[in-house]
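Among the features that Swiss-Prot reports, heme c binding site is placed at Cys15, Cys18, His19, Met61.
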Amino acid sequence: SADLALGKQTFEANCAACHAGGNNSVIPDHTLRKAAMEQFLQGGFNLEAITYQVENGKGAMPAWSGTLDDDEIAAVAAYVYDQASGDKW
């Protein structure tokens with residue numbers, strides 16, 4: 001299983017500028033909460049869809065595949081999934 005501590009660290013260092021607290025500073029209704037991801041995330045709310053979005057980006061969100069390594073991507077996707085599925089944002 002992915003490392004949630006690494007995921008949190010990766011999120012805070014790379015994602016929180018736009019997604020602090022599970023929010024979205026660019027498109028306010030496209031948050032990282034489960035209901036929003038079910039509605040807006042291509043592929044729905046699941047680990048694979050979150051991983052794909054992190055790797056490839058979309059719209060204003062950059063692709064992170066060239067910046068983060070595979071372990072960091074897996075960890076940050078697992079962290080986002082865990083936060084959202086547990087309603088922790």
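Note that Cβ sites are derived from N, Cα and C of the backbone, with glycine treated the same way.
Everything Swiss-Prot records as a feature, shown here on the structure.
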{"residue": "Cys15", "record": "heme c binding site", "Cβ contacts under 8 Å, 6 or more apart": "Val76, Val80"}
{"residue": "Cys18", "record": "heme c binding site", "Cβ contacts under 8 Å, 6 or more apart": "Asn24, Ser25, Val26, Ala60, Met61"}
{"residue": "His19", "record": "heme c binding site", "Cβ contacts under 8 Å, 6 or more apart": "Phe11, Ser25, Leu32"}
**Request:** Would you work out the biggest C-alpha to C-alpha distance among Cys15, Cys18, His19, Met61, the residues that bind heme c according to the record, and give it in angstrom as a whole number?
**Result:** 10
**Asked** Which chain neighbours of the heme c site, leaving out Cys15, Cys18, His19, Met61, have a Cβ atom within 8 Å of the mean position of the site's Cβ atoms?
**Response** Asn14, Ala16, Ala17, Asn24, Ser25, Val26
